[in-house]
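Enquirer: One structure is given below, represented as structure tokens, and several questions about it will come after.
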Amino acid sequence: MIPVPQALTSLLPGDLERRQKARALAASFVVVQLALRAWAVFGGYFLLDDFKMLSQATERGFTRSLLLEPYDEKLMPGGRAITWLVSEAGPFNWAAAAWTLLVLQAVASILCWVMLSTLFGERLATLVPFAVFLFTPMTLTAFMWWAAGINLLPVQIAFFVAVTGHVAYLRSGALRHALVAAAGLAGGLLFYDKALLIAPVLPFLAVAYFRRGGIVSRTVGALRQWWKGWALYSLVLAAYLGYRLAFVDSPVATTGDLRLPEILQTLLLKTFPVGVLGGPWSWNPAAAPTAGVDPPLVLWVASILLLAVIVATAFLLRVRTGRAWVLLGGYLLCESVLLALGRGSAAGEMAAHEFRYLADAAPVTVLALALAFLRLRGAPDSSAPRNEPLILVVPSRTVVAVVSGLLVVGSVVSTVRYVNLWHADFPARVYVTNVQRAVASEGRLTIADENVPASTMWPLLYPATLPSHFFAPLPQVTAAEEGTNLQTLTEAGIPVPAGVTPNIVGEPDPAADQGCIASLSEDGRQRAVVPTSGPVPSYAPWIYLQYRAAASGTVVLEYGGNRQEIPVDAGTNTYMLRNDTSFRNMVFEEPRGGDLCVTSLQIGNLVAVQ
């Protein structure tokens with residue numbers, strides 16, 4: 001049994017029963033956790049995939065195609081539905097997004113207590129693994145990044161529902177409990193395919209704790225006794241896997257260096273130990289606001305030693321504790337393999353420093369800790385106290401209180417330091433906030449449809465990097481591939497006139513007036529040929545014209561097989577258009593309106609003119 005510091009229970013009225021005290025303390029723990037998480041999340045903002053998912057939800061609406069379209073080879077209709085709800089709350093409404101995370105967190109926290117109290121009883125000792133789930137920084141990084149949180153929090157919820165229902169089924173044999181477990185499994189699969197890892201946990205509990213004998217007799221007996229439940233779970237898995245294999249590409253890498261040994265070493269010997277024990281205490285902010293673990297060497301080593309002490313203490317005080325660690329170790333091994341086959345194939349060992357790839361392991365960690373130190377009610381082969389402990393000195397309540405306090409302090413320090421990165425003015429927040437301010441001031445913006453800065457949106461997310469997609473939630477922003485006096489946005493999201501880097505320029509037509517490279521008039525010269533300083537390749541992205549016009553009208557451009565009429569505004573103006581062809585000269589003809597003087601032709605990459 002895990003002793004609970006008397007200082008906590010002494011804060012409660014003395015006439016409360018143990019169950020009531022445990023329930024009251026659990027509720028207070030949840031309130032504290034949610035207060036800390038609310039402070040964290042409401043100061044955050046959207047990042048990378050968040051923008052892409054919001055634009056897709058805005059463009060397609062609540063449709064079957066949106067819900068069933070995989071995102072990065074992940075089938076996530078549940079996450080798509082949440083994204084659509086947030087998109088309906090207004091453009092880039094972070095408060096709405098933050099509420100979805102906080103509500104999901106509240107549900108996960110409550111259901112964690114339901115699972116623990118159902119399996120192990122409403123007792124004070126159950127509060128220790130419960131506190132681990134509530135306050136571990138291991139779940140924090142996925143919580144702060146909206147795109148990760150709306151998928152991983154439901155997987156945590158699914159785990160608690162599935163395990164609670166499944167254990168109730170193992171105890172009673174009532175199929176209604178298996179239906180609850182199946183619903184939890186199915187619900188998790190609606191958000192993230194990593195919910196598949198819940199499935200092997202269910203038979204493991206049956207074989208390891210609810211049967212006796214050798215491994216073969218346990219397995220055969222479990223299959224016979226609870227065959228209806230296995231059939232039900234198999235139907236859920238078959239339906240999901242059948243659809244996924246038929247309609248969704250595999251997220252598993254087929255090329256590249258998988259680097260499994262390095263990922264295993266980092267995940268199991270560094271990231272997990274420091275995370276489950278309140279670390280990492282310091283972070284590597286190279287990709288802020290996200291960050292990888294960067295624990296001080298002393299605390300890293302101390303975490304490994306403390307974890308070893310916890311495992312050893314369980315063994316010395318209780319029998320049948322090893323299977324709990326087998327469950328946890330097997331799950332972490334699966335996490336490592338999936339990471340190596342997925343994101344790790346591109347990011348390598350650095351991906352293993354990210355807590356968000358371990359967020360779904362937190363519920364398993366809590367369950368394993370409880371299985372090792374507490375009696376699983378109704379399980380004939382639960383762990384149990386040794387008749388004669390193999391240790392002379394059992395840790396006192398004071399020792400447990402001090403260690404628990406240090407872990408909580410470490411968790412808070414790690415949390416605050418990580419959250420501060422999200423509360424800072426990181427590029428994506430600054431960029432979008434300034435655009436929204438400009439819209440509020442000017443009413444509308446028309447900008448060139450050129451990629452947003454890489455600091456706001458990674459180029460590999462193209463075409464979501466184009467303003468025509470990126471700003472879909474903000475209809476006051478129009479992204480154009482051509483237009484008069486187009487603007488663009490600076491790195492900070494400030495609207496400024498658009499221009500180009502003049503890699504290639506137009507040379508004057510011999511008949512052009514002084515100061516012009518082409519002179520035309522509706523009543524006079526109808527055609528001018530402007531050669532370029534070099535051949536224009538099809539990948540030269542933008543054509544930039546500067547001109548003076550006596551009156552508004554039109555002119556026809558002909559270049560590289562393209563022929564189009566563009567508007568001309570009276571006065572001195574610019575006109576930009578995206579290029580998709582190679583050419584050696586540009587022809588201006590058929591002017592409509594007053595005299596037209598083209599003063600400059602430039603071809604190159606779009607830049608902000610400041």
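The backbone N, Cα and C atoms fix where each Cβ goes, glycine too.
Just so you know, TrEMBL annotations are computer predictions that nobody has curated.
Pulled these from TrEMBL:
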{"type": "TRANSMEM", "residues": "24-48", "note": "transmembrane segment"}
{"type": "TRANSMEM", "residues": "94-116", "note": "transmembrane segment"}
{"type": "TRANSMEM", "residues": "128-147", "note": "transmembrane segment"}
{"type": "TRANSMEM", "residues": "153-170", "note": "transmembrane segment"}
{"type": "TRANSMEM", "residues": "191-210", "note": "transmembrane segment"}
{"type": "TRANSMEM", "residues": "230-248", "note": "transmembrane segment"}
{"type": "TRANSMEM", "residues": "297-317", "note": "transmembrane segment"}
{"type": "TRANSMEM", "residues": "324-341", "note": "transmembrane segment"}
{"type": "TRANSMEM", "residues": "361-378", "note": "transmembrane segment"}
{"type": "TRANSMEM", "residues": "390-413", "note": "transmembrane segment"}
Enquirer: Ranking 24-48, 94-116, 297-317, 324-341, 361-378 by Cβ pairs under 8 Å to the transmembrane segment (191-210), which is first?
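Expert: The stretch I would name here is 324-341.
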Enquirer: With a Cβ cut-off under 8 Å, give me the same-chain residues at least six positions beyond the ends of the transmembrane segment (297-317) that come close to it.
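Expert: Distal contacts: 269-270, 273-274, 276-277, 279-281, 324-325, 369, 372-373, 383, 385-386, 389-391, 394-395, 403, 410.
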Enquirer: Which of 128-147, 153-170, 230-248, 361-378 has the most Cβ pairs closer than 8 Å to the transmembrane segment (324-341)?
Expert: 361-378
Enquirer: Give me the stretch from 24-48, 94-116, 128-147, 361-378 with the greatest number of Cβ pairs under 8 Å to the transmembrane segment (153-170).
Expert: 94-116
